[in-house]
């Protein structure tokens, strides 16, 4: 993937902005998505938001709940094989969400995903990443984190890594369903974490995961 | 809309706006009495509530002035927002996904279409009978029997409360007041909303001030004294508003008292549900008042009763 975003034609950019507004409106209409800024303020600082991943709607949801001025400077890191599959996805992913596309296929890829990610950070963008790598289908709150979050924190130690827990999406849009259910969705942003001096990968990832799980609200249903 | 009806709506709107202005000024006066740089949480809560009332009054006035379709859309959206909150806390499983989607995106709009078309027979049985039978079938076809009855019961309860009951407010539009002024039924919506809201307002503040005997201490702080004050206040306000209704002076007072009483017991029922589900507010969508359900609880319980008694006695 090219690290430098090519300049696109004006009508395409206008269309991308318009589709973005429609998606934000739909997300708000269905889920009344609300950002709960518990550990950080919603200010335009460079950050890497890392979130739990249970549904394809996760990324649009966290993107939609960011204030507009932050959203414009925030790029989700997403899988190239998913977002380049059809022309429509190739428009929505790279152009509407302005995704940083990375190749998940370890064997076939020609470019190191970290290069694209660090290039985006060096351009001044904030990022949204899902360190579990895949959608979590099990009963555990989180899958084990991949190394990416640690590598980012190590390579750019000045950037805050902000945990963001997205609640309820496994019920709003579980895997295999097409119609989203209208349920309230809350995204809770916690206090930032950074890789400490001399901290090893395992310890850091465990600490980052714990900071994310700590934001999880009590499961609403306590059915007898 | 006849000019007389429009005039009456405007008159009412200005009356309420005057009242809200007075409440806003009162709040600002209380704020100003605080020492420099300090804020009293009670006053601040009161002010966020007043601000939300402003928004509600402006929205309802505009909808009522615009006409029937705007009123229908307003209440259909209120139903949707309430159902969204209710289902968030309802017990559900993956197998209910399709039935819940049907409830929100098919049954809810259809109910409001029936209200709009004035099919009063169908609007009274559609959800209690046909949705009641259809949705469990859809859930059962997905083949998950675990806690099945709890799941379908909570789903049906959500539909009855958030869609069926709320739709009885705009259903008042189908009522014809007679003697050539059929559009005056829109004023009944304003009447219902006002007496229930004022009843709750007086119940809340009277209950805090001199409430002693709690109605159901494990469920809610509501007191007998607060409820009686609320009902009496609603009856007085209802009598004062009798000129916009076909009920007459005593009839308006009685209808207002009945609606306010039903509304207060509705709030009591919702307090029990919230205790059970361990939620304080249903959502954060209305600043100072929680969610749509927190706000609508009273009207939800009052609307069907108000609608049927209106039709029965003055139909």
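Glycine is treated like the rest: Cβ placed from N, Cα and C.
All TrEMBL annotations are machine predictions without curation.
As annotated by TrEMBL, transmembrane segment applies to B:7-26, B:53-83, B:95-115, B:121-141, B:153-173, B:185-205, B:226-244, B:250-271, B:292-314.
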Stretch among B:7-26, B:53-83, B:95-115, B:185-205, B:226-244 sharing the most Cβ pairs under 8 Å with the transmembrane segment (B:250-271): B:226-244
Leading contact stretch, B:185-205, B:226-244, B:292-314 vs the transmembrane segment (B:153-173) - CB distance under 8 Å: B:292-314
Remote residues contacting the transmembrane segment (B:185-205) - C-beta distance under 8 A, at least 6 residues beyond either end: 1, 5, 8-9, 12, 16, 60, 64, 68, 71, 169-170, 172-177, 222, 226-227, 229-231, 233-234, 237-238, 241, 244-245, 252, 255-256, 259-261, 263-264, 267, 298-299, 302-303, 306, 310
Beyond the flanks of the transmembrane segment (B:7-26) by 6 or more, those residues with Cβ under 8 Å of it: 47, 50, 53-54, 57, 61, 64-65, 184, 186-187, 190, 194, 241, 243-244
Surrounding residues of the transmembrane segment (B:292-314) on its own chain - C-beta under 8 Å, 6+ positions past either end: 52, 56, 78, 81-82, 85-86, 161-162, 164-166, 168-169, 171-172, 175, 188, 192-193, 196-197, 199-200, 246-247, 251, 255, 258-260, 262-267, 269-270, 281-283, 285-286
Chain residues in Cβ proximity to the transmembrane segment (B:53-83) (below 8 Å; excluding those fewer than six residues from its ends, i.e. six or more beyond): 1, 6, 9-10, 13, 16-17, 20, 23-24, 103-104, 108-109, 111-112, 115-116, 158-159, 161-163, 166-167, 169-170, 173, 186, 189-190, 193, 285, 291-293, 295-296, 300
